[in-house]
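> Take this structure, written in structure tokens, and hold onto it; I'll ask about it next.
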């Protein structure tokens, strides 16, 4: 059996760095605007792990000229498994009792977590870390533990080969750095700007460079060989290098985000190197910065960072409403952090430390023997209180979500193409369907339907990888409906001809006036009465968008008869230029174009400007900003505002502000809109087209 504790020098400054890293990750997962680079905390953990593990193994080699492999893996299991098992058990029980919507995800996520393959599970099943909709898996954060555990399994063998064949530390460190550069190059090559970066973010092959940089540091900067007494100039250099590195990391956490190409094309490698410099300083016994960073509060938090990392994500995901159009709740965030800290303390005191010191069997025996003492234990009361706080907060917030969130129809087409009057000068009423975009499935005229049929599905807007767009079939235009949704799942596209409808403008006007009367108390009617009083011509207007455009398509065709609408689930900004070219070739690109994109992920200024270049002959462009409870919301809206300020053709429809505080506008994913929200959306767009 291994000895209870590993013999090595304790470095309090590294615990302080752990505290900084876990706080950055928590702030990121709280979805705040002021620390969008909090995801970099995971990279800091990777470099730390690479350094500490290699420092231990290299120390064993120097003392005994061998590795105690069994001892090493048992220690890793003692340190990592018990707390994770406890967290998974609690989360599974909670979801079984109170949140069945997440059970389908947990069915695969739990085995993947237990086998430490979560990252590859998410990659192969195309589960985005950044662009997923609907209830998030409370185990989505375990991908990083999978990367580390895979490193722990393979690295001892690779390091053993390196120590045998490259006995000089400089050569060995160079070999390790070469491997890290290969990994960073893989990240840069695989990454595609403007697309979801989850593949390179999750992948062991594309993230291992951070662990390897930490490992290389351990080879040239072993903790047991660092001298306490150094010259004053050397001490000044240490502290200056560490302080600059720490300040740079703080700045990056505050000013970077997950969609910047810089991160994936050398940025994360640079951050890993900066982290390694900071670790080198904090590990040195002569560093005064290490004393500050290793202060008692940060040290306390750093020791519990593993449990805090484990617990914070399920606490946040299980207690955050899916639909929230208000500003992030500070009170809710404070409660979530407090509950996470309480659970991390319980994990540290009753799970992690006992097993780490005494092993699995002895801990279980002691737990069984001391069970009678728990009934009167103060700590038991504290633990029960913390657990109750978690349960109550999750129950209350879960009730709010389930009771207030609108219900939606589970059937929705994957794409829609509403054919308006052709944009060309000739009225090509008999244009053939082979000139239409591939989304066209059938052509029907608008008809008055119930709001229930207008409801959108609780369909992931951004998860185009999970839901492939089905191949569409085509049908000739007729005056009457040629197809309608069946009672089964809709697999094709929905297409409407708003230009050829027999319904007169006066009938449309009557319908809108009636709707206004019926919804006098609805914000949709109260806020936007001007457009409801008058129909806006949709001739020569083309709307292009994603699944939100599908939600509002029928309402747009009612307030703007003749409009051409092209919407598809999962559409990204990068796909829009090709769609515009296809619309132009088919004669359906109007002189006024509405762009509604950004629901499924961020885009760069250059990508938006490229789309505008493709619309060079268009006289008026309407850009609709976005409301999506995801980190890229602010990025998208800021980019739209910045570009619109420089192009006189552009009018921005501020859907974000119009929907603020209107939870009833949205489906349970907080992204797709219900009929009441669709009416407001359509009204805002019609106002912009009319120049109001």
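Backbone N, Cα and C atoms are what each Cβ position is placed from, and that goes for glycine too.
Pasting the relevant annotations from TrEMBL:
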- 12-31: transmembrane segment (TRANSMEM)
- 12-344: domain 'Acyltransferase 3' (DOMAIN)
- 37-59: transmembrane segment (TRANSMEM)
- 80-97: transmembrane segment (TRANSMEM)
- 150-166: transmembrane segment (TRANSMEM)
- 173-194: transmembrane segment (TRANSMEM)
- 206-224: transmembrane segment (TRANSMEM)
- 236-254: transmembrane segment (TRANSMEM)
- 266-285: transmembrane segment (TRANSMEM)
- 380-401: transmembrane segment (TRANSMEM)
- 404-525: region 'Disordered' (REGION)
- 404-415: compositional bias 'Polar residues' (COMPBIAS)
- 424-438: compositional bias 'Basic and acidic residues' (COMPBIAS)
- 445-469: compositional bias 'Basic and acidic residues' (COMPBIAS)
- 483-504: compositional bias 'Low complexity' (COMPBIAS)
- 514-525: compositional bias 'Low complexity' (COMPBIAS)
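Mind running through what each feature is packed against?
Long-range contacts of the transmembrane segment (12-31) within its own chain (CB-CB distance under 8 A, at least 6 residues past either end) are made by residues 37-42, 44-45, 48, 52, 141, 246, 249, 253, 278-279, 281-283, 287, 289-295, 298-299, 301-303, 305, 308-309, 312-313, 316, 328, 333, 336-337, 340, 629-631.
Sequence-remote contacts of a segment are chain residues at least 6 beyond its ends whose Cβ falls under 8 Å from one of its Cβ atoms, and for the transmembrane segment (37-59) they are 6, 8, 14, 17-18, 20-29, 67, 72, 144, 147-148, 151-152, 155-156, 159, 163, 207, 210-215, 217-219, 222-224, 249, 252-258, 268, 271-272, 275-276, 279, 283, 309.
Distant neighbours of the transmembrane segment (173-194): 162, 166, 200, 203, 205-210, 212-213, 215-216, 219-220, 261, 264-266, 268-269, 272, 572-574, 603-604, 607; these residues of the same chain sit at least 6 beyond its ends, with a Cβ under 8 Å from one of its Cβ atoms.
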> Considering only Cβ pairs under 8 Å, which range in 80-97, 150-166, 236-254, 266-285 makes the most contacts with the transmembrane segment (206-224)?
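Per the Cβ count, the answer is 266-285.
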> Tell me, what is the mean pLDDT of the domain 'Acyltransferase 3' (12-344)?
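Per the prediction, mean pLDDT sits at 92 for the domain 'Acyltransferase 3' (12-344).
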